[in-house]
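Input: a single structure, listed below in structure tokens.
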Amino acid sequence: LQSAGSRGEQARQLIIDLETRGKQAFPAFLSILRDTGQGDLAEMLIQECESRPVLPQLPDLRPVELELREEKQRKRLPYLTGIVSCWISQQALGIRGSLIVTCPCQVYEMKTDPCGHCLILNNVNFSRDSGLSTREGSDIDCEKLERRFKALHFTVLTRRDLKAQEIVLELQKLSRQDHSALDCCIVVILSHGCQTSHIQFPGGIYGTDGKPIPIEKIVNYFNGSNSPSLRGKPKLFFIQACGGEQRDQGFVVDCDSPEEEAPGGSLESDATPFRVPSDNVDEPDAIACLPTPSDILVSYSTFPGFVSWREKSSGSWYVEMLDSVLEQYAHSEDLLGMLVRVAGAVSAKGRYKQMPGCFNFLRKKFFFAC
């Protein structure tokens, strides 16, 4: 169709193509357009059909019957209808170029209700001997994400103020559950963080007892070997914690927007000093040869090695922007696109800068089931 010439010629070619599919193809297609609220497009095609010269009578051709199961045919029809009506919409609006369509096989299925489990680990109060401060504002983050993921059809379980071993047990419990009837799994961690040795995923988070857990170890509880019922399904991790002690003051760029205030008295970071792992740290999980991580995305609130800012009164910059972006775009955009929006919004805040990012091992596009 794109090679047919002008939009009018392309519309005429579409009509001809439909007519070669049988006598009822064109009326059926018009009916589908009207049923899907695109009657104006149907009228445009009718006008084009009426204005073209009368064509000789076409033979009674029958469409080729594909050997598909009835269920697959039902699933395929709305998708194909969407492609054609999207193309017609483009032409009507004068949009030039090829139509870019995401094939269903390139998108994770999110059809179950609930979609999956969401575990939120919220560490606020730390033991005195840990040397870690109270994370004021973290409860605000936690409440936002509880509401958001419940609205996105996840069953949400929150655990507060857990020691390192208690965190490990919660993660193992979740990874060993039967997820066969679910489509996804989400883990959110709100805590102090640090740098750790790693092979795949940088950084670590602290239990309330001050003991670190590598992010790599957390993620690998959910890989294909350790969580068979999650094989091939998206596993998403959102980490609000520092990746180190560095404070990024940014660099000068041409910008029309006013500069925000420097971090004030209520602004805190989740940074802690770098710690060399002691001899009793469970190193094998961090360096062992593991299956290639697939269907995994780890979203970090900050670049490895840098601090992550948190307001006492409104929560962390990262969670604030993540919640806002999910509210506005979860119904229409894929996850990676939304995380780019989060990164842009967070990076524009404050005198000291913060740059969220992610390690993406997803094989397909991920859309929340809104």
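Using N, Cα and C of the backbone, Cβ positions are placed for all residues, glycine too.
Please treat TrEMBL annotations as automatic predictions, because they have not gone through curation.
Residues annotated as active site in TrEMBL: HIS192 (among others).
For CYS242 (active site), the count of additional Cβ atoms within 10 Å of its Cβ stands at 30 [all protein chains shown]. The active site annotation in TrEMBL covers CYS242 (among others).
What TrEMBL records for 1-48 is domain 'CARD'. For the domain 'CARD' (1-48), the model's pLDDT averages out at 73.
If you look up TrEMBL, you'll see 114-246 marked as domain 'Caspase family p20'.
Annotation comment: TrEMBL describes 286-368 as domain 'Caspase family p10'.
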_Neighbour count (Cβ, 10 Å) for HIS192 (active site)_ = 26
*Report the DSSP secondary-structure composition of the domain 'Caspase family p10' (286-368) as helix, strand and coil residue counts.*
28 helix, 18 strand, 37 coil
